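Asker: After the structure tokens below, expect a handful of questions from me.
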Amino acid sequence: LRAHAVDMNGNKVENPIDLYIYVIDMNDNRPEFINQVYNGSVDEGSKPGTYVMTVTANDADDSTTANGMVRYRIVTQTPQSPSQNMFTINSETGDIVTVAAGLDREKVQQYIVIVQATDMEGNLNYGLSNTATAIITVTDVNDNPPEFTASTYSGEVPENRVEVVVANLTVMDRDQPRSPNWNAIYRIISGDPSGHFTIRTDPVTNEGMVTVVKAVDYEMNRAFMLTVMVSNQAPLASGIQMSFQSTAGVTISVTDVNEAPYFPTNHKLIRLEEGVPMGTVLTTFSAVDPDRFMQQAIRYSKLSDPANWLNINATNGQITTAAVLDRESDYIKNNVYEATFLAADNGIPPASGTGTLQIYLIDINDNAPELLPKEAQICEKPNLNVINITAADADIDPNVGPFVFELPSVPSAVRKNWTITRLNGDYAQLSLRIMYLEAGVYDVPIIVTDSGNPPLYNTSVIKVKVCPCDENGDCTTIGAVAAAGLGTGAIIAILICIIILLTMVLLFVVWMKRREKERHTKQLLIDPEDDVRDNILKYDEEGGGEEDQDYDLSQLQQPETMDHVLNKTPGVRRVDERPIGAEPQYPIRPVIPHPGDIGDFINEGLRAADNDPTAPPGSTAGSVSSLNSSSSGDQDYDYLNDWGPRFKKLADMYGGGEED
């Protein structure tokens, strides 16, 4: 505080002075831990004095006095094993360290320590206190080596099988499960020099699975005696030794199975000349049965023989030819013929193996050369037009070219008319020797000989068409026909036939057009809908109605009785009568008349109507042609009432005329 001295009048009497007031601390605050729970850890087997963790408490009082001076101590330890004082704490810093040996995670995994902080320098009588909890976890170290639960294990495996688990090895490890200190690693240290087996670890159970990775052979090894060792992923802690129980023996028995016979040389290649006769022994293609301890027989058979050239002895595998082997066959690829054979034993179940035999055929001169082309064309007069000839031989070198080309001496006309010139080993040219040769087709024989030992020759016939040519040396059209072997008379006959054929086609077209015109004319004269006969034939009841009012009804007669219906000739009846008995067939209509003469056409139609037995009844005229439009004379039309409803209108119009 700053104090001022003044008189009664407020006048300054002396200089101001500062007054200092000091607040003396009292112990009115307890120590407070930063955390109520502290977590720490320490490895098992740690030596005394090993640092574990630090706890801290703060006091709001004056730290320069006893009121703010905090001291620490351990109140309790749970569990009190193996000693009640496994840890100690630095009273001033709060550091917790081990004080005794014997920390073992496999026995005690966690300790709970209550720590007290007291001010007044730890004076419990005057100081204020507070507590906190320290959780100390004992961490695992690899201080327990894995140990097999048994000293020996056994298993069984069939031969020739892989990826088969033959035995499960179980171990015990007291370290923390599924940690590097617990995970097991298995090794085969003896008994498997060829590496047939491996041991894989089951990640869940930690068991060792003895697995076949390389097929075993019963005939080579009937059993295996393995020595295996187990360890952990993490190395053992310092001072910990491997247990003798970390090593065990594994006995694996191999069971025999029926194995398939096999051909030791597969593919087997043999060489021989083509053309060997049928029944020739080529080789013995035998198989071996790996089951030496089984008395089994092997039978042989063909599996693939594309050309069916071979036979195999079912007992000993001897291969013989069933046909002549031909190198030029389509079944030969690159001079090699390939066949596959089957060898099967009589085991249970039976087993079989295949073998391939390759036969390399050496070429012999067994194919005579051929000439190409088989047909050619040349002008009848010598010029630059020649025929190029190529020789081809199915054999291969040295049984092919160079070839020799020559013309035969018989018939003599060949050498007289033709000449052949060799260009090189495979080609020659054929040309005319004479100045003119009549057009036609000539068979020209040519002898061609190869260079084989002994050589082979062949007479090939080339059909040569000799024809007249134009200025460019090409055959003319007439010349090509003539060259085909036809004379002048034959050519003229062919041309006449072509002209006749064209004329017939033209006449047929004209006739078809005329017929179409006739059909059109008839349609103009007679509409099919107005053809009464057609109507009667189709519907069987035409008559009456407004369309029939144009008829001259005076020509109709009333029937006096029904006898004319019952006794009249079959097929003749009134249009409104129902047929009695079988209905007669309507006569075939006459052929369409020639429309060129319309009068003839009409007369022929009238004659057909006169002779029609189904014409409308009651006509007084002798024929249709006698009909006229006269309506004179008295007529009784009451009979129209008997003709049915279709004639009712006519009956009403004419039947009652006298009364009206």
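Each residue, glycine too, has its Cβ placed from N, Cα and C.
TrEMBL lists these features:
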type	residues	note
COMPBIAS	618-633	compositional bias 'Low complexity'
DOMAIN	1-33	domain 'Cadherin'
DOMAIN	34-148	domain 'Cadherin'
DOMAIN	149-263	domain 'Cadherin'
DOMAIN	264-371	domain 'Cadherin'
DOMAIN	370-478	domain 'Cadherin'
REGION	557-642	region 'Disordered'
TRANSMEM	478-511	transmembrane segment
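Give me the structural setting of these features: burial, nearby parts and distances.
Answerer: Listed by sequence, the residues of this chain that lie at least six past the ends of the domain 'Cadherin' (1-33) yet keep a Cβ under 8 A from its Cβ atoms are 55-62, 65-68, 70, 115, 117-120, 126-132.
In the domain 'Cadherin' (34-148), helix, strand and coil residues by DSSP number 6 helix, 50 strand, 59 coil.
Averaged over the domain 'Cadherin' (149-263), the predicted model reaches a pLDDT of 92.
For the domain 'Cadherin' (370-478), DSSP puts the residue distribution at 8 helix, 51 strand, 50 coil.
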Asker: Report the DSSP secondary-structure composition of the domain 'Cadherin' (1-33) as helix, strand and coil residue counts.
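Answerer: Across the domain 'Cadherin' (1-33), the residues distribute as 0 helix, 14 strand, 19 coil.
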Asker: Determine how many residues of the domain 'Cadherin' (149-263) DSSP places in helix, in strand and in coil.
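Answerer: Counting residues by DSSP class gives 3 helix, 51 strand, 61 coil.
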